[in-house]
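Let me begin by presenting the structure, written as structure tokens, before commenting on it.
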């Protein structure tokens, strides 16, 4: 029964990521993906700091080791700044489901980088998982690439490329995050530092591109602001809390696998909201990709 509760928390985490993908995609189409990436951290940072206060008694971790700050700041700049700029653009170009499907490659890239940088073991079963996951993703993406429209094909190629870049960025960020948390930091403290670093990166980026004021002026679109605000709360706060409780209660391998099910949860969204035809090939390819990724967590 205890494991079941943990597994429910893991599925709720996947639902949070799925909701984030949909809402940020909708906001990005209204005010641009870059503006959405920038503005949401103005909301997410105070929220995660309040969360940190309830968990650790302070709004920000002030007594971490300097190396912890360095590694986690690098992780935040890569993950919340560079990778998210790419991922949010992919939401707009190819939609939330395909983006989240490609993001199942992130733990695979993470394992490869951990093998190269941290000398972690990469088993034969993990290599099999890579092949299975790539096969599933390629099967889904290639079906949709059969669209004869040149404009749609170009958007598909760009969207797939930036999603892959985002998956690589998230993986590199995860490796640096792991290096930073080796200095005895609670996951919420680590996430607070990461979001703060990403926030600084995005603010400076918007400022030097002379888009800082323009980004805030776009928030006159109250629907876009509402979408960003809701997603910023559900992802960095609820999603993180659910995931922490999930790994505390249930086995990490099962929890990590269940958290990868966002693309499955997004299939009905594609059908009922985006009015896309969800084919047998799309369903099976998604299941195959997630099955391949699960081999990294279960073995």
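Please read every residue number as a count from 1 along the shown chain.
Placement of Cβ uses the backbone N, Cα and C atoms for every residue, glycine included.
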Original post:
With TrEMBL as the source, which of 188-208, 251-271 is set down as transmembrane segment?
Top reply: 188-208
Original post:
Are there residues at least 6 beyond the ends of the transmembrane segment (188-208) whose Cβ is under 8 Å from a Cβ of it, and what are they?
Top reply: 34, 37-38, 41-42, 44-45, 48-49, 51-52, 55-56, 60-61, 64, 68-69, 72-77, 79-82, 84, 173, 177, 180-181, 215, 236, 240, 244
Original post:
List, by number or range, the same-chain residues at least 6 past the transmembrane segment (6-27) whose CB is under 8 A from its CB atoms?
Top reply: 36, 40, 88, 91-92, 95-97, 99-100, 224, 227-228, 230-231, 234-235, 238-239, 242-243, 245-250, 254-256, 258-262, 265-266, 269, 273
Original post:
Short question: which residues 6 or more past the ends of the transmembrane segment (68-88) have a Cβ under 8 Å from it?
Top reply: 24, 28, 33-34, 36-37, 41, 99, 103, 162-163, 165-170, 172-177, 179-183, 185, 190, 193-202, 205
Subject >> DSSP-derived helix, strand and coil totals, residue by residue, for the domain 'EamA' (158-297) >> reply: 119 helix, 0 strand, 21 coil
Original post:
Quick one: do the transmembrane segment (39-62) and the transmembrane segment (224-243) reach 3+ CB pairs under 8 Å, ignoring pairs fewer than 6 apart in sequence?
Top reply: yes
**OP:** Counting only CB pairs under 8 A, let me know which of 100-118, 124-142, 224-243 has the most with the transmembrane segment (154-176).
**Re:** 100-118
